[in-house]
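Per Swiss-Prot, the feature topological domain 'Cytoplasmic' maps to 1-65, 237-612, 798-1134. Residues or ranges marked as transmembrane segment by Swiss-Prot on the basis of sequence analysis: 66-86, 90-110, 127-147, 154-174, 184-204, 216-236, 613-633, 637-657, 676-696, 727-747, 755-775, 777-797. Taken from Swiss-Prot, the feature Mg(2+) 1 binding site applies to Asp310, Asp354, supported by sequence analysis. Per Swiss-Prot, Mg(2+) 2 binding site is recorded for Asp310, Ile311, Asp354. According to Swiss-Prot, the feature phosphoserine maps to Ser553, an assignment based on similarity to another entry. Summarising the annotation, Swiss-Prot assigns topological domain 'Extracellular' to 697-726 and lists sequence analysis as the type of evidence. Annotation source Swiss-Prot lists N-linked glycosylation site at Asn706, citing sequence analysis. The domain 'Guanylate cyclase 2' annotation in Swiss-Prot covers 871-1013.
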Amino acid sequence: MAGAPRGRGGGGGGGGAGESGGAERAAGPGGRRGLRACDEEFACPELEALFRGYTLRLEQAATLKALAVLSLLAGALALAELLGAPGPAPGLAKGSHPVHCVLFLALLVVTNVRSLQVPQLQQVGQLALLFSLTFALLCCPFALGGPAGAHAGAAAVPATADQGVWQLLLVTFVSYALLPVRSLLAIGFGLVVAASHLLVTATLVPAKRPRLWRTLGANALLFLGVNVYGIFVRILAERAQRKAFLQARNCIEDRLRLEDENEKQERLLMSLLPRNVAMEMKEDFLKPPERIFHKIYIQRHDNVSILFADIVGFTGLASQCTAQELVKLLNELFGKFDELATENHCRRIKILGDCYYCVSGLTQPKTDHAHCCVEMGLDMIDTITSVAEATEVDLNMRVGLHTGRVLCGVLGLRKWQYDVWSNDVTLANVMEAAGLPGKVHITKTTLACLNGDYEVEPGHGHERNSFLKTHNIETFFIVPSHRRKIFPGLILSDIKPAKRMKFKTVCYLLVQLMHCRKMFKAEIPFSNVMTCEDDDKRRALRTASEKLRNRSSFSTNVVQTTPGTRVNRYIGRLLEARQMELEMADLNFFTLKYKQAERERKYHQLQDEYFTSAVVLALILAALFGLVYLLIIPQSVAVLLLLVFCICFLVACVLYLHITRVQCFPGCLTIQIRTVLCIFIVVLIYSVAQGCVVGCLPWSWSSSPNGSLVVLSSGGRDPVLPVPPCESAPHALLCGLVGTLPLAIFLRVSSLPKMILLAVLTTSYILVLELSGYTKAMGAGAISGRSFEPIMAILLFSCTLALHARQVDVKLRLDYLWAAQAEEERDDMEKVKLDNKRILFNLLPAHVAQHFLMSNPRNMDLYYQSYSQVGVMFASIPNFNDFYIELDGNNMGVECLRLLNEIIADFDELMDKDFYKDLEKIKTIGSTYMAAVGLAPTAGTKAKKCISSHLSTLADFAIEMFDVLDEINYQSYNDFVLRVGINVGPVVAGVIGARRPQYDIWGNTVNVASRMDSTGVQGRIQVTEEVHRLLRRGSYRFVCRGKVSVKGKGEMLTYFLEGRTDGNGSQTRSLNSERKMYPFGRAGLQTRLAAGHPPVPPAAGLPVGAGPGALQGSGLAPGPPGQHLPPGASGKEA
């Protein structure tokens, strides 16, 4: 990012913020981007303009203070001139002070306009500097009041070398410290003023030539001291402010980046769950309420239509696919179905293998929900027909519809998936299974909702399905009047004979699908949730404008542009809405302390990077005082000793600060130590300057009875002496004024102790003048320019330093407040990001969620992964159907699902143990729990080595599930039984579905694992021969069941996993020390794996695929849950 300020070598060749030129990173925690504040302005003009806008109101306040001081200065001199006080020859300044006073007041009025912008303020500063220059030049000792020398009775006396020096020193310091002009301009002003006074003094002021060079040298040293201090104060104050601005900008940039990430996470979350459910679950997930039972997130909808659809012929097609081809093919097909669902106002619920089911009227109640589902079914059939005609692959769609009541929501604690339950859902599933390819199969209930808008024919579903026959359900087929939709690019007649392709493999099919993108515009999963859509942008900008009215909030959404430009635009809007009054409300008006004690404490803990430099500069000033003292002021042993002590002490302070910086900085240099050191250093330097003053004042003078001053002599005569005996008294007084300047360089010392110290120093200065008799000696008791000027000078200097101290304190505190608020909001956003990530990791596997969060949506590809060895488990509760019933007394089945939620939640809580960290819950299908192990990304050799360990973990988890279910049975007086099937082998994992992305695994391994469950025995764990081979060398006990007929696989040899055995051969549930050992013995209840098993029926006699809870996938994964079915219903038939 070209935001680094220009260095002395001219580093101005940077582009806009966010580009590569001049980019620098701050060495802060987390590698935040920083822009190094080196010199006066940033290389990036946009960033410099932002900084000027950021400092506008503070600079405006400083300009008002500067103009107030200049007006007071000119007004005081004009008042002294008006009263006709005798003084030095007025020269060209005669009559100019009132004019300058009016000019400064006029600029003060103009500056006080609230709508003043940066260019106008800069012009005001330049005009103020110009008027200050003319004021300073006219204060030089031109001596045009008459001939050189004294005039008897004249009002003017000869000009002196010290004439106008204090005015020029004050104006120079004001130009550096308070005026909003460029540093080079302020430096030029200081040099011109100093050079002009020295030149005029050298040429026009009469003086003894041998002493002139000493006077000019003393003046030059005083001008040098003020210029050095002014430059230091200006540069360090601006550096501190620029650093705070950059810190705030970096925090805002991080905050916006985190906001983008959070927006991705929120959109990802909203794509997986309905908003109302997601928000409620998120709140409870982050702040779990105290409750005995787990909260259930179920809603009831009484008037919806449910559609189940299955792709006929897809199993054989998919069996030939590679991992990439399979995921692409599924995403293409189901992505198109998601688009059709959106167009037809349906919400897709789940994808189970090649089965797709959705509901209309769920999230948004619709009176024509039946029409929407019928249109959806017909569109799906047309889509598959178009694919079949274009590719010459035998594919078709079987669709079943029913209208009724559903319970929708989420069960469990991990891997939430939105689902629906009810007897009507079961019936819709049966309608699909009993339908015919290419037909939309509907019930009489659905037909009644269509109001005769569609032609129908008898469906005779009872002839193909026993459930329909048992429950005497009449069914119908929708008869489309004509080919409803023509999808360009996929109709066979549109393909030229010369280019018609005969597909022999799936690869050719996929190539053709890619060529036919006019129909298939399926999005990459999650790609549509990674960027803001137009509506969201407009809504975000409206929200931003509202939030910008409140300064304390940085929350907004900004249109995505270049990162640096976006941050700069955002800060620009914040500055437009910035209100100093609101920010000052956080500070105490008098002490400027934060009203929040904790914030004040943190502010005082900030490191003062320039404290050592301030002490070095104080040492330089002490050395300058020493030179002035040696040049022009009469020496005394006491002052010399004080000067030596001051310099030695300051050198020791510099060494101490260097040591503390190396060893323990900033812990050793607390705010209390810095304040004490600052006060002592200022008092010490001022004491040196005041020692010069004391040595030059006429302490032997006393008042005569008539008010004149006399010197007491041994002769008794009382001659009146009109002048003090020390010719260097004016320069000593000037040293006293400049001696207060060290207060200005300790920037991070609070203004309150500075102002108290200024009051003490000013009082002591005035007391020395009065007690020494200096004022009476100079003016003989009357108001005189000579006698009044030192008091006027010290008052104006003290006023300027007090205003500057307060201004710097306000600047630093508001800068810190700005940066602290930005940092707090960034930290809050970081916390939100972590919270959202926790939720996302609860919806998707951690490595999958991280993949989508880290991916660039423009370069995102389909996520898929092929695994050679993965353990897959299906655990079902087959007798849950006997328990599920819909009655008014149980809220139409909600209370039954509440118990199922407890069971699934307890299963989920098992995965919180470190022992099961490698397990991944895939989903729940009704009362069936699906999990896998070995999906975490690992190297191939490592995966082969640890597959036995993974299977051992999966087997232990299955065993402990029996323990958990038995405990629930004991507490709820139920008799649920678990039936588990486990298989191991290659699988394909991926994310499909553009609108409702879903992570799943596919493959023959998954199908066989499902069959191990559906063909298993209640209370037993059935495993394949491969699982037995990998685990038999461990401490597991198996019983060979024999060969079992498995759909699509023929006869398979299977085993029952009986449990684990210890070294003595006795049977236990697990060797894991973390296992929770339930006290079943108190009720005489044993774990089912430890108790006697029910007799196993002969393998040949098992009704494969029949019975409650049977899961029979259609080639890729289990079909929709048989648990939806009421007693006696069968599962989904492919």
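Including glycine, each Cβ sits where the backbone N, Cα and C put it.
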| Quick one: Cα separation, Ile311 (Mg(2+) 2 binding site) versus Asp354 (Mg(2+) 1 binding site), in Å? | 6
| Residues of the same chain, at least six outside the transmembrane segment (184-204), with any C-beta under 8 angstroms of its C-beta? | 40, 126, 129, 132-133, 136-137, 140-143, 159, 161, 164-165, 168, 171-172, 175-176, 212, 215-216, 219-220, 223-224, 226-227, 230-231, 234
| pLDDT averaged over every residue in the topological domain 'Extracellular' (697-726) | 46
| message | As a quick check of your reading of DSSP, tell me how many residues in the domain 'Guanylate cyclase 2' (871-1013) are helical, how many are strand and how many are coil. | response | 70 helix, 38 strand, 35 coil
| note | Cβ density check for Asp310 (Mg(2+) 1 binding site), other Cβ within 10 Å (all protein chains) comes to 27
| Among 613-633, 676-696, 755-775, which stretch has the highest count of C-beta pairs below 8 Å with the transmembrane segment (727-747)? | 676-696
| field | Coarse DSSP state, helix versus strand versus coil, of Asp354 (Mg(2+) 1 binding site) | value | coil
| remark: Per the Cβ filter (under 8 Å) with a sequence gap of at least 6 from its ends, the transmembrane segment (613-633) is approached by 214-215, 217-218, 221-222, 224-225, 228-229, 232, 236, 639, 643, 646-647, 650-651, 653-654, 657, 677-678, 681-682, 684-685, 688-689, 692, 695-696, 728, 731-732, 735, 738-739, 741-742, 745-747
